[in-house]
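K.L.:
I grabbed these lines from TrEMBL:
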type	residues	note
DOMAIN	11-166	domain 'YidE/YbjL duplication'
TRANSMEM	6-22	transmembrane segment
TRANSMEM	29-47	transmembrane segment
TRANSMEM	67-86	transmembrane segment
TRANSMEM	93-111	transmembrane segment
TRANSMEM	117-136	transmembrane segment
Amino acid sequence: MSDIALTVSVLALVAVVGLWIGNIKVRGVGFGIGGVLFGGIIVGHFVDQAGVTLSGDMLHFIQEFGLILFVYTIGIQVGPGFFASLRVSGLRLNLFAVLIVIMGGLVTAILHKIFAIPLPVVLGIFSGAVTNTPALGAGQQILRDLGTPVDLVDQMGMSYAMAYPFWHLRYFAHHVADAADFSR
């Protein structure tokens, strides 16, 4: 099988497993499209155990194309109501969102300085912790442009993948608890 066919097949398997995980619901709450990340972690584990090597060029293309589609679809979905939401209470909520990102950045910088965590790893943790996929893409591109070795750039994606699920698990647990009727 060619490298391209193998890479596309593995990524299709990730999509199928991820969408299946995303459709699992507990008390009406599920992971949704976030299940694809969990699917990637699961399939990636077994692909690594099998010793399969995927085409780096193909993975890079799919990563960039996927990020473009992700940002585009978010813009299409959120764009029309963005300015209308600013008139109601959106300005306060957007300032709160900025504060959350700034606080995450400060915590990330402190962790980097105190524990000497490598910059690509701490940037991946930051991107995953605030569930900011475009920040991951931008950070990886900056590291590549600076000539950072590929294995360090890959660590950024790995640390993103490790931090991102914790947000989803917290969100999932919170909504399952809200959906439960504890008054009985």
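First residue shown is number 1, and so on along the chain.
Cβ atoms are placed via backbone N, Cα and C, with glycine included.
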K.L.:
Going through 29-47, 93-111, 117-136 one by one, which has the most CB pairs that fall under 8 Å from the transmembrane segment (67-86)?
P.N.:
117-136
K.L.:
Hey, which bits of the same chain come close to the transmembrane segment (6-22), Cβ under 8 Å, at least six residues off its ends?
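P.N.:
Sequence-distant neighbours of the transmembrane segment (6-22): 30-40, 42-44, 47, 52, 54-55, 58-59, 62.
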